[in-house]
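First the structure, in the form of structure tokens, and then the observations on it.
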Amino acid sequence: EKEQEKVRLKKVKRKEDKQKWDDRHWSEKELDEMTERDWRIFREDYNITIKGGKIPEPIRKWKESTIKSEIMEIIEKVGYKDPTPIQRQAIPIGFQNRDIIGVAETGSGKTLAYLIPLIEWIQSLPKMERMEDVDQGPYSIILAPTRELAQQIEEETLKFGQPLGIRTVVVVGGLSREEQGFRLRLGCEIVIATPGRLIDVLENRYLVLNQCTYIVLDEADRMIDMGFEPDVQKILEYMPVTNLKPDNEDAEDESKLLANYYSKKKYRQTVMFTATMPPAVERLARTYLRRPAVVYIGSIGKPVERTEQIVHMMSENDKRKRLVEILSRKVEPPIIIFVNQKKGADVLAKGLEKLGYNACTLHGGKGQEQREFALASLKGGQKDILVATDVVGRGIDIKDVSMVINYDMAKSIEDYTHRIGRTGRAGKTGVAISFLTKDDSPLFYDLKQVIQASPVSTCPPELANHPEAQHKPGTVMMPKKRREEKIFA
């Protein structure tokens, strides 16, 4: 009886485990149903890459975020429907009072990504009502390389600051210094400035930074290109030094940072946004940021720059032979082979096992235990090759994948990008080989664009010159056959 009970319990557990592995896409789930894998897929969908310990989950929708209701009202009023990728990840980090490096192209919505945490942070501080508070200077500074950008940031800041009683002063060249000095003396919570003019007003004592503990460097790479590095360093030296974050794990510990957030002596928070990371920007970050969270936003549809993409045109019957030929070159494992059907995955893996390769499969027909076992055996080195379908090809994180082979080409260019993104991760190089048949022709145009945009790949002439690769499907009108033409007499 005991044995029977054991068998029964085992069956129940297996059934529960199978249900646990939930193949629904994250967009079909409630927030509390999200698993670690869902968050990985979410970040992949929005091309968000993160570095640094203890980084909070991103925002799926505005209404699910912890943003205060009065700021949410402004977001709705201004008409921002969905957060941009940089906003999704940078806002939750900003709320932790954590230093941030955001690497994103201009036009990615980064202004709002630092403004929302900054405004909530100012709201947690005492109101500047007495003259002696005003004399201590602003609570925060936003540095921008050009007057135009500073004025753009001011526009955005006024949308959020004005309704909440937060005052902003712009300090840039080309406007009267006396006028700016007068406005600064009246008091403000935020100063938006270009480095040269800010140094000018600091040296002429129009402004002090005695209570400034939040600094944003917007377009840091451009500031450095324009020769502002010494000015930026000088400004950072003007700020109080008694409230620097500890340069240890406490600087990324949410509970300790939040305890400080609600105390009187707040740590300095430094936020840096840049489109590129040249050595001078890295040097600045190393000197002034403490254990920053790094958020990198890739441009949609752009596969990893370090992955060499190779394509072979062939018939369906030649695929197996070509695959064996590639594997016989003694490629360093682990290798991932993508197919489009569950059955195809099992058949291919069995065929490879017969040829002496250590292969395992991963697809939607597998239960939780089987999937985890397959992943563990690949990560642990017992298996060298994983044959997978798209449903699980995303959100799995396997280190050092040397090669991805698209045995069956992906059905969309986005899926192709996600597949080849399994290799060439974390600064390493990788190779992605795709087998193309005539059935894949709807993707030829997009594929050609992606390969030509990659600095390490060459588009073969048979794809580059293929008639289907010359225009996007559906954009060229086919001439009507004569008998299909209607004649209106």
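Keep in mind that glycine also has a Cβ here, set from the backbone N, Cα and C atoms.
The compositional bias 'Basic and acidic residues' annotation in TrEMBL covers 14-24. The domain 'DEAD-box RNA helicase Q' annotation in TrEMBL covers 60-88. Per TrEMBL, the feature domain 'Helicase ATP-binding' maps to 91-295. For 318-467, the entry in TrEMBL reads domain 'Helicase C-terminal'. If you look up TrEMBL, you'll see 1-24 marked as region 'Disordered'. Sequence annotations record features per position, and here TrEMBL assigns motif 'Q motif' to 60-88.
Sorting the motif 'Q motif' (60-88) by DSSP state (H, G, I as helix; E, B as strand; all else coil) yields 17 helix, 0 strand, 12 coil.
For the domain 'Helicase ATP-binding' (91-295), the model's average pLDDT works out to 89. Residue counts for the domain 'Helicase C-terminal' (318-467) under DSSP (helix as H, G, I; strand as E, B; rest coil) come to 69 helix, 23 strand, 58 coil.
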